[in-house]
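Notes follow once the structure below has been shown.
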Amino acid sequence: DVVSPPVCGN
């Protein structure tokens with residue numbers, strides 16, 4: 001899933 005904050009595990 002694409003989220004605003006770049007988190008590990010898009």
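Glycine is treated like the rest: Cβ placed from N, Cα and C.
Per Swiss-Prot, the features are:
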type: BINDING; residues: Val7, Asn10; note: Ca(2+) binding site
type: DOMAIN; residues: 5-10; note: domain 'Disintegrin'
Would you report the average pLDDT that the model assigns to the domain 'Disintegrin' (5-10)?
68
What does DSSP say about Val7 (Ca(2+) binding site): helix, strand or coil?
coil
